[in-house]
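A quick write-up on the structure given underneath.
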């Protein structure tokens, strides 16, 4: 018995390859999650009916402040200081990894949805909830919490700067995926709404009800849908109108209004300025004449982490809401299991294969860790916002509630595994 105890003690306390014992690795992985949980709990407490300092309107304003100001400032300052033209060429796998995470996550979601058979019309909804992870807010929070502790990635400043830069570099890809692929996948069913049990659903009307009265002897199909008035053609004016119509169609079809968001603008500006040496020396270096602007953004960016965690914790005060009953317990469990347990091993295989093929910067463990985090995160909060636009916001809110609750435990386990593999 004493030998068994001594053996277990040696295994748990003996330094591994990275110089950390198994207990030390657990401490490094669990403490950041504990910090996140503590801040979320404080937000939950502030939003509860007993304190009520952070009501729904307050949380909405706080979310708007984070999305419109604090997050763009963090991205601009951290990404701009870290990126150069040479690093831009080295980091090419980050956006590729986000696309691969979406593809393989969606494939897993398709398999899970095929097996579970979610209630109609939530088949594509299930695929998206499993396939689209949070590649922005939650990873930034984890990196900030991880770098504050004694961590294997080195100095706090370098750890925080590089980690935030790697995460921020892929933001634009995630936005394009959200407002193209996710937006189309979450389109309402042919009934026109996800509330298929609603008694007030529009019923398919007969041709007589749908179409205006038409002459006897002509069929409904022969009645023109739009009446056109023949006007004298103006070649110059018509060309201008066609060009305007084309750009308007392009603007609406590509969802450019949704794509041009403050975090995306901040990412693009940081990449452009950081990669042009003349501009970089004017803004991002410590002796630059405009460095005061970068420093101001750093100060505002530091406020992003606590604000977003307080808002996230406050959003949990209402529970899963009525959307949980629509999706069903079986589908909810399948989504949580698929997103948190099936997607991460796939990502681990992809990142390890990319490392073997020489696609990743040599010796940069933070780079590999961020790639792995992109497969480990809970369902994207912005995907919930897109679902709200498409009419299934309540159902998405229920899934986000349960996924984030269980992600506290799953992320700790996966981070322990990643640290032991990387170090």
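Glycine is treated like the rest: Cβ placed from N, Cα and C.
Those TrEMBL annotations? Automatic predictions, nothing curated.
Annotated in TrEMBL:
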type	residues	note
TRANSMEM	21-46	transmembrane segment
TRANSMEM	61-79	transmembrane segment
TRANSMEM	91-116	transmembrane segment
TRANSMEM	122-146	transmembrane segment
TRANSMEM	166-187	transmembrane segment
TRANSMEM	259-279	transmembrane segment
TRANSMEM	291-312	transmembrane segment
TRANSMEM	332-354	transmembrane segment
TRANSMEM	366-387	transmembrane segment
TRANSMEM	399-421	transmembrane segment
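Of the Cβ pairs linking the transmembrane segment (166-187) with the transmembrane segment (366-387) and spaced 6 or more residues apart, 3 or more are under 8 Å, so the two regions touch. A contact links the transmembrane segment (366-387) to the transmembrane segment (122-146), because at least 3 Cβ pairs that are 6 or more residues apart lie under 8 A. Outside the transmembrane segment (259-279) by six or more residues, the chain places 67-69, 71-73, 75-77, 79-85, 88, 136, 168-169, 171-172, 175-176, 179 with a CB less than 8 A from a CB of the stretch.
Put simply, of 61-79, 332-354, 399-421, the stretch with the most CB pairs closer than 8 A to the transmembrane segment (291-312) is 61-79.
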